[in-house]
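Taken straight from TrEMBL:
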TRANSMEM  21-38  transmembrane segment
TRANSMEM  58-76  transmembrane segment
TRANSMEM  88-108  transmembrane segment
TRANSMEM  114-134  transmembrane segment
TRANSMEM  154-175  transmembrane segment
TRANSMEM  187-208  transmembrane segment
TRANSMEM  268-287  transmembrane segment
TRANSMEM  299-319  transmembrane segment
TRANSMEM  331-350  transmembrane segment
TRANSMEM  356-380  transmembrane segment
TRANSMEM  392-415  transmembrane segment
Amino acid sequence: MTVADSSRISSPTRLEGKYSGMVVCWILGLGSLVAWNSMLTIGDYYYAIFPKYHPSRVLTLVYQPFALATMAILAYNEARIDTRKRNLAGFTLFFLTTFALLVLDLTTSGKGGLGNYIGLCAIVAAFGVADAFVEGGMVGDLSFMCPEFIQSYLAGLAASGALTSALRLVTKAAFEKASNGLRKGVMLFLAISTFFEFLCILLYAFIFPKLPIVKYYRTKAAAEGSKTVAADLAAAGIQTEATKRADNSAKQLERLSNKQLFFQNIDYLLDLFLIYVLTLSIFPGFLYENTGTHKLGSWYALVLIAVYNMFDLIARYIPLIERIKLKSRKGLMIATLSRFLFIPCFYFTAKYGDQGWMIMLVSVLGLTNGYLTVCVLTVAPQGYKGPEQNALGNLLVLCLLAGILCGVALDWLWIIGNGTF
């Protein structure tokens, strides 16, 4: 086993494994949300078997409190939680719960009813817990590595939406005329999602920790006082002496508290909160239930979801071009607040516009969501030590999930205002 001395850590002359790491981060991002995006994308199926229960809105509202409460506990204790065990537990739970969706549908033969709906809600609650474990753990872990890793992970999150939308359109078209075709398409779709979750377990457990660039950044974080990377370094065959040298490097191991990090970065935290309050007050509930009937018929909501996911994915690569990456704290806040103009735009387009205008609006919603998310999450951790970047990454994800919860709650105002509750 290699022993890493904190006094001898230097930047590698070549960042071996950088591009492999970016690919792995992308796939891990895909796995972090593919289970939940699967639930959103097969919304048409759940509307068919649970027509009276507002599935897209209720399931989202069930998911988010569990995700937020779990994330709050994990963020408070992040310095004492082993990141490797946390992420592996999250990916394993994603795998088991996605598989449970298949089992639930097979055992109930795709029938509706309150009991089956409660079972579905229980699985969705488990999705929320898994999301908090994985998303907070991964963002915190990648925050002290190169920015390309967290950008690739965030792109993978968006790709999960784009991929699930594409797969759903394909399975819907393939089984549309078959007997019980909607259900058969959903079964195939969930089987593919389950495979992706299993792949993520293997990649995070055996491939990612052994990449040279990942070992370098984790060794550096350990030398700066991080205790969350010990198991990952052990998996890579490295034993760090950072803790043994604590007496000789007390100043080096000092870190800002979570409270100090919160107040120093309150604008970034507010940015993420507001970005997702706005997005989730429109997506997906409004797109499923409040956009009316158009020429695309039953395909309309699926097309809107696919357009949003595609443009959200594209936007997450735009910040790679440094010239057009928004880094100004004031600029990020102005851009975030300006997105609230989408609310009247969507209201009047749904009431008076045709499907072309709605598709255009949804594409801009996705573009701004993806672009601003990457800008905030890559700019905010800069200038801090490894343990502080990990803590800040967890706080950023906590505010993101809080924004999602508020957004899905506010989403109900669309149907309450229309008197269709």
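Any Cβ shown, glycine's included, is placed from N, Cα and C.
Any TrEMBL annotation is an automated prediction that lacks curation.
The model shown is predicted, which means the values in this text are computed figures rather than measured ones.
Between the transmembrane segment (58-76) and the transmembrane segment (331-350) there are fewer than 3 Cβ pairs closer than 8 Å, counting only residues 6 or more apart in sequence, so the two stretches are not in contact. Taking every listed stretch (114-134, 299-319, 356-380, 392-415) in turn, the largest tally of C-beta pairs under 8 A with the transmembrane segment (154-175) is reached by 299-319. Contact count against the transmembrane segment (299-319) (Cβ pairs under 8 Å) is highest for 268-287, out of 21-38, 114-134, 268-287. Residues 63, 91, 94, 97-98, 101, 127, 130-131, 134-135, 138, 142, 145, 148-150, 152-161, 163-165, 189-190, 193, 196-197, 199-200, 203-204, 207-208, 211, 213-214, 309 of the same chain lie 6+ residues outside the transmembrane segment (21-38) yet bring a C-beta within less than 8 angstroms of a C-beta in it.
Counting Cβ pairs under 8 Å to the transmembrane segment (268-287), the top-ranked stretch among 114-134, 331-350, 356-380, 392-415 is 392-415. Sequence-distant contacts of the transmembrane segment (356-380), counting only residues of its own chain at least 6 positions beyond either end whose CB sits under 8 Å from a CB of the stretch, comprise 139, 143, 147, 150-151, 154-155, 158, 265, 268, 271-272, 275-276, 279, 282-283, 287, 291, 303-304, 307-316, 318-319, 325-327, 332, 335-336, 339, 342, 345-346, 349-350, 392-393, 396, 400.
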